[in-house]
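Colleague: First, the structure itself, so that you have it in front of you.
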Amino acid sequence: MSAAPLVGYSSSGSEDEAEAGTQARPGAGGRPRGQKLPVPDSVLHMFPSTEEGPEDDSAKHGGRVRTFPHERGNWATHVYLPYDAREEFVDLLDTLLFHAQTYVPRLVRMEAFHLSLSQSVVLRHHWIHPFVQALKDRMASCQRFCFTANRVKIYTNQEKTRTFVGLEVTSGHTQFLDLVSEVDRVMEEFDLATFYQDPSFHISLAWCVGDAQLQLEGPCLRELQEIVDEFEDSEMLLRMHAEQVRCKSGNKFFLMPLK
C-alpha cells in the first residue's frame with residue numbers, strides 16, 4: 001500500500017503585518033528641515049522590523065518546512081472540521097504512538113486534531129474577511145452529521161517532507177464531500193486551488209519529519225489497526241460528530257456552526 005497524500009496545509013501561519021512610518025521633525029541647533037533624527041538602538045529594538053517576513057527557521061517548528069515561502073501580506077489559510085479529543089481518545093492515541101515509535105522513534109503526537117476540507121492556500125490580507133463571509137454563506141445551509149474514523153492509514157504531504165499516522169473516515173464520506181463542494185465553490189470565487197479529486201478524509205494522530213512510509217506500512221500498520229480494533233469501546237469512541245467548520249488564516253480563527 002502506498003502512502004496517501006495529505007492535505008498540504010502550511011506548518012506555520014502568517015502574522016498580521018502593518019507598516020509604521022515616522023515623520024522627520026526639525027531638530028534643535030539648526031538641524032536642516034526634513035533631516036531625520038537618529039533613533040537610539042534601545043528604541044529600535046523595541047519594535048521589530050516589519051519590512052521582512054518571519055525567518056523560516058525549521059528548527060523552531062520541529063523541523064517542518066513551509067509549503068510555500070512567506071511573503072509580506074500573504075496569509076496561509078486552511079478550512080477544516082475540528083475534533084475535540086476525549087480522554088479515551090488520547091489514551092488510544094498514546095497506545096498507538098508508543099507502538100509506532102518502535103518502528104519510527106522520531107514520531108511525535110499532534111497537538112490538535114482536525115479533518116481537512118481544503119488545501120492550504122494563500123490569501124492577501126484584504127481578502128480574508130470577504131473569503132470568510134463567503135464561507136459562512138456557503139456553510140449556513142449545511143447540516144450536522146455523524147461520522148466514523150477507525151481505519152489506520154499512513155499519509156505523506158505532497159513534498160514527502162513529512163509523514164503522518166492518521167485515522168481515515170469510513171462512514172460519513174458523502175457528507176464530507178458535500179462540505180468540500182461548498183468550500184471549493186468559495187475557492188473558485190477567489191481563484192484558489194480546490195481540494196483533491198479523490199480525498200481521504202482523516203484525523204492525523206502523529207507525525208515526523210521525512211518520508212517514513214516504508215517503516216510504518218506493512219507489519220506496523222497491521223499492528224496499529226489491531227490496537228484500534230481491540231481497544232475498549234473503540235466503535236463508540238471513534239464515532240464522532242461534525243458540528244462546526246473552522247477557517248484558520250494566519251493567526252486568526254473563524255467559526256462556522258453547522259445547522
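Sequential numbering from 1, following the chain as shown.
Note that Cβ sites are derived from N, Cα and C of the backbone, with glycine treated the same way.
OK, TrEMBL features for this one:
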REGION    1-63  region 'Disordered'
ACT_SITE  H114  active site, proton donor/acceptor
ACT_SITE  H202  active site, proton donor/acceptor
Colleague: Counting only residues 6+ away in sequence within the same chain, which have a CB under 8 Å from the CB of H202 (active site, proton donor/acceptor)?
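Modeller: Non-local contacts for H202 (active site, proton donor/acceptor): L115, A149, K153, Y155, G166, L167, E168, V169.
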Colleague: Would you mind checking how many other C-beta atoms are within 10 angstroms of the C-beta on H114 (active site, proton donor/acceptor)?
Modeller: 20
